[in-house]
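Structure first, commentary second.
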Amino acid sequence: MTKYIFVTGGVVSGLGKGITGSSLGVLLKNSGLKVFMQKFDPYLNVDPGTMSPYQHGEVYVTEDGAETDLDLGHYERFIDENLTRNSSVTSGRIYLSVLEAERRGDWDGKTVQVIPHITDEIKKKVYAAKNSGADVVITEIGGTVGDIESQPFIESIRQIRMELGRENVLFIHVPLLPYLKVSNEYKTKPVQHSVKEMLSLGIQPDIIVPRSESDIPKEVRDKISLFCNIPLENVIVAPDETSIYHVPITLYNQNLHRIVAKQLGLQLKPTKIEPWKDFLKKLESSQKELQLYIVGKYVELKDAYLSVVESLQIAGFENGYKVKIEWIQAGNLNDSNYEQILKNAKGILVPGGFGQRGIRGKILAAKFARENNIPYLGICLGMQIAAIEFAQNVLKIKNANSTEFDPTTSNPIIDIIKGKDTENLGGTLRLGLYQTKLKSNTLAHKLYASDFAYERHRHRYEFNNNYREQFQNAGMIFSGEYLEKNLIEIIEIPSHKFFIAAQYHPEFTSRPNKPNPLFNGFIKAIIQQ
Ligand code: GLN
């Protein structure tokens, strides 16, 4: 029987419910259970695919091509399982299915209501998670308890507990525990109020993980236990940490996994926590700094490149270095200042992106890296940029461009996939996992140490095969290809120290102790110079 764990948040958002849930996932998985994770987001967008990174940070892409919340990236990096589109559910998605059913006449003329129609649809999504074959499904409810938007989700999980019972469903609540400097004490009132709010919605949390600045005194835990009606051991201390990767150990030390297992009647094997401790050791012993530049559009908002940053850090730790990223706003680079601004770069990464803004700056960054033998890693748009730059400056092809930026260019080096819907922005991309055949004796082949790479995509435009020969004659090689459709996946310049760019997003497959090969190679190349 599948067991369900729901993680809710209280007082404020952004406390790390996702990290708490995935850390528990780490402990359960390493105790021999199969874990699946889900995030319910209360907003009305059908998926985060068309949301601005300013709103939402990066869009994380699953193997099956769902465009999801960045929390899924944390989940995957923590529990090291490939999640699916069923892991990311928004209110918009729920309402859309219910309303589509209404238009089809599926509801037989009944009045369509939040309870039961919306809540039934939510429950369906929860129960569908057992198709993953998981022993335990951990579901994070986005937002904060008490929000109007999240109420249908709270009501649904209340019903699930009623349907399946306390031995199959467990509630973890993660509220803010504020510290008052003036009186030098922790104040439990907001925690109490937020639990009261849950009680008014019919839910008594089983475990409370108050989020605090530092370790909390026993009296404070006692107080939470007493006022919130849970055993003392079910108050789990979760202070701010220097790295999110510490959280599984913090929870492990308080036996969170055993408390959960006891209530849910789960059999745990001895927890294999060593690999995780090894990773932390690498992280902590990585003192030397390694500098590189990221030239992008949303540089003031690091969450827009979250998986790229995590991938760089993970690869850095693997090699004993802490990566220090210099963020360069692509829009600030122009023909007269780019050499000055980039002159100290030890490595240059151009990440994915959409739209015209900052394109010239990114092209100049690729040019600078190519001409000065600086390690370059291009991701998705960063690959298209490298190809356009090569066409403009090496092949001297006039107007070389992508039709995304110049729809009438006479030399569309990067062009739309024929037959694609260009009217609707949502859901018209090449998304998800594709197999890349790697050419032998290339950098890509060496890095992956395999004939194939399996990576995730999220883009609309492709390298235009009409230009292949010209590129090859001038020394660029196409080391990765999606054979079925003849699509270029990886380009590289073998005469360069390290110049490689991929049409896919390698950042989504890095895991602690297992950096993605392109990132690992990039970091090694920077170290070696
Ligand atoms: N804008 C480009 C495209 O649609 C690249 C997308 C990306 O970098 N994710 O093909």
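Placement of Cβ uses the backbone N, Cα and C atoms for every residue, glycine included.
What TrEMBL says about a protein is an automatic prediction, not a curated fact.
From a predicted model like this one, the values you see are computed outputs, not experimental measurements.
Look at TrEMBL and you will find 1-266 tagged as region 'Amidoligase domain'.
The annotation domain 'CTP synthase N-terminal' is assigned in TrEMBL to 3-266.
For Pro190 (UTP binding site), the same-chain residues lying six or more positions away in sequence with a CB closer than 8 A to its CB are Gly10, Val11, Pro175, Leu176, Leu177, Pro178. The UTP binding site feature in TrEMBL is assigned to Ser13, Lys187, Thr188, Lys189, Pro190, Val191, Gln192, Lys223.
Annotation source TrEMBL lists CTP binding site at Ser13, Asp147, Ile148, Glu149, Lys187, Thr188, Lys189, Pro190, Val191, Gln192, Lys223. In the three-state DSSP classification, Ser13 (UTP binding site) falls within coil.
Residues annotated as ATP binding site in TrEMBL: Gly14, Leu15, Gly16, Lys17, Gly18, Ile19, Asp71. Cβ neighbour count for Gly18 (ATP binding site) (all protein chains, 10 Å cutoff from its Cβ): 26.
If you look up TrEMBL, you'll see Tyr54, Gly353, Leu381, Gly382, Met383, Gln384, Glu404, Arg460 marked as L-glutamine binding site. Around the Cβ of Glu404 (L-glutamine binding site), 19 further Cβ atoms fall within 10 Å across all displayed protein chains.
Counting every protein chain shown, 28 other Cβ atoms lie within 10 Å of the Cβ of Glu140 (Mg(2+) binding site). The feature Mg(2+) binding site is assigned by TrEMBL to Asp71, Glu140.
According to TrEMBL, the domain 'Glutamine amidotransferase' annotation covers 301-524.
Residues or ranges marked as active site, nucleophile in TrEMBL: Cys380. Reduced to three states, the DSSP call for Cys380 (active site, nucleophile) is coil.
Sequence-distant neighbours of His505 (active site): residues of the same chain at least 6 apart with a C-beta under 8 Å from its C-beta are Val61, Ser307, Gly352, Ile379, Cys380, Glu455, Arg456, His457, Arg458. If you look up TrEMBL, you'll see His505 (among others) marked as active site.
Cβ environment of Glu507 (active site): Ser307, Val308, Glu310, Ser311, Pro351, Ile379, Asn516, Phe519 lie under 8 Å away, each six or more residues apart in the same chain. When secondary structure is read from DSSP and collapsed to three states, Glu507 (active site) falls in the helix class. Taken from TrEMBL, the feature active site applies to Glu507 (among others).
A Cβ distance below 6 Å to any atom of ligand 1 is met, among the binding-site residues Gly14, Lys17, Leu381, Met383, Arg460, by Leu381, Arg460. Under the DSSP three-state reduction, Glu140 (Mg(2+) binding site) is assigned to strand.
If you average pLDDT over the region 'Amidoligase domain' (1-266) in this model, you get 94.
Of all the binding-site residues given, namely Leu15, Ile19, Val191, Leu381, the one with the smallest number of surrounding CB atoms inside 10 A is Leu15.
Neighbour count (other Cβ atoms within 10 Å of the Cβ, all protein chains): 12 for Lys189 (UTP binding site). Between Glu404 (L-glutamine binding site) and Asp71 (ATP binding site), the C-alpha separation comes to 29 Å.
When Cβ atoms from all protein chains are considered, those within 10 Å of Gly16 (ATP binding site) total 20, not counting its own. Neighbour counts of Cβ atoms within 10 Å were compared across the binding-site residues Ser13, Thr188, Gln192, Gln384; the minimum falls on Ser13.
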